[in-house]
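Undergrad: Below you will find the structure I want to go over with you.
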Amino acid sequence: MKIVDINERLAISGQPNTDEFINFARRGYRSIINLRPDGEEPNQPGNDAEQAAARRAGLAYNFVPVIGTSITEADIQAFQRAIATTEGSVLVHCKSGTRALMLYALSEVIDGRMKRDEVEALGHAHGFDLGRAVTWLKRQAIQTPRVSGFFDPRTGSIQYVVTDQTTKRCAIIDPVLDFDEKSGATATTNADAILAHVEQQGLTVEWILDTHPHADHFSAAQYLKQRTGAPTAIGTHVTKVQRLWREIYNLPTLSTNGSQWDHLFADGDVFNVGSIKGRVMFSPGHTLASVTYVIGDTAFVHDTIFMPDSGTARADFPGGSARALWSSIQAILSLPDETRLFTGHDYQPSGRHPRWESTVGEQKKANLHLAGVDETTFVALREARDKTLPMPKLILHALQVNVLGGQLPEPEANGRRYLKFPLNALEGAAW
């Protein structure tokens, strides 16, 4: 196995045997980054075996599985983090070394340390063909809009800033207000990171959009509205969710006309992010109110379709329906195959890095709940799986905030805000 030194900290290689890891440590490497998805070849060691070998050799280890034809910015960010968090020399491997050098080149271009027209020469200098990296950069240059994802590890949620590069106007989608259920503390760490990005990029926020009332985190829509002045919006069927949860929470004074948001979108409504056209697709199933935002060549599909290796979202919340979810997913998959899909959650199966971008074509081909599956099979699979899933730990905390558009309950006489829990309201939920 040939090791190619790229710089003083980074080397790349093809697939090593696990018994070589101890020699890597002796040669001064401090970390191994494995870029190969499990199952690429029958005889590859795989993530578990490599992690164990790294531990025995005293090496740090990161699993960042990528496919050369579907690398996303989330993959590049994970590659950068894996290198940045390691002191000393790093050995990155895939099958041949090409993906490793491709990720390095893309990282350098995105961060401005390398020009796009220098990528091919970098590959030739080290004996690799980086044609795919050149193609990736050309494709990225014409994609509209520009999408930046912000992953919240506490809830597995992804928040988005969707930008029209021409006008520097943007929309924020599904922002998270931090909440610690053990202490009852709230914070704005996630939202402030989004605001910092907006400021750094010189953007004007045009919309603050929620895809549905979330059951696993508080919405930061109201906080961001206060900070930016941008209007908030959600799908018009949120009123059905408000009526449903008004009864569950016994909140007779809760207004259920959606007035907590500045705008309610109906199915088919259109809007703009700068000069880019957007439209709204009603996408029920996960909740009664779920919508998909189609903006330029992207669709923000919330809790309908997860990444292909994760499948689809649950449909057993009050008002949910696996059959309705199937119909919503089929409408999303009727978009052009090259449409970029951005999911609402990622739970990092097999310990991989967070990912959130795919395409319609990739989902049709590889989603483990959808590829080669008909409606009857999907509904049976989804309903059976949902019976085994415990409720999200924040569902009763989050929904009483999110049916108010992200507004916290009003302070009581002592100046404190309180949440209210119904007992035994979610009958049949798994523990």
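In case you wondered, yes, glycine gets a Cβ from its N, Cα and C as well.
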Undergrad: Besides H212, H214, which of H124, H126, H286 does Swiss-Prot list for that Zn(2+) site?
TA: H286
Undergrad: Let me check the 10 A CB neighbour count of H214 (Zn(2+) binding site). How many other CB atoms are there?
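TA: Taking every protein chain into account, the count is 26.
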Undergrad: Mind giving me a neighbour count for H212 (Zn(2+) binding site)? Other Cβ atoms within 10 Å of its Cβ, every protein chain shown.
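TA: The answer is 27 other Cβ atoms.
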Undergrad: DSSP three-state call for D309 (substrate binding site): helix, strand or coil?
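TA: For D309 (substrate binding site) - judged by DSSP and reduced to three states - the answer is coil.
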Undergrad: Specify the count of other C-beta atoms within 10 Å of the C-beta of H286 (Zn(2+) binding site).
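TA: So the number of other Cβ atoms within 10 Å of H286 (Zn(2+) binding site) is 27.
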Undergrad: Taking the center of the Cβ atoms of H212, H214, H286 at the recorded Zn(2+) site, which other residues in this chain have a Cβ no more than 8 Å from that point?
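TA: Leaving out the recorded residues gives T211, P213, A215, T287, A289, S290, H302, D303, G344.
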Undergrad: If I take the alpha carbons of H286 (Zn(2+) binding site) and D309 (substrate binding site), what is the distance between them in whole Å?
TA: 19
Undergrad: What is the number of other Cβ atoms found within 10 Å of the Cβ of D309 (substrate binding site)?
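TA: Total other Cβ atoms inside 10 Å, all chains included: 18.
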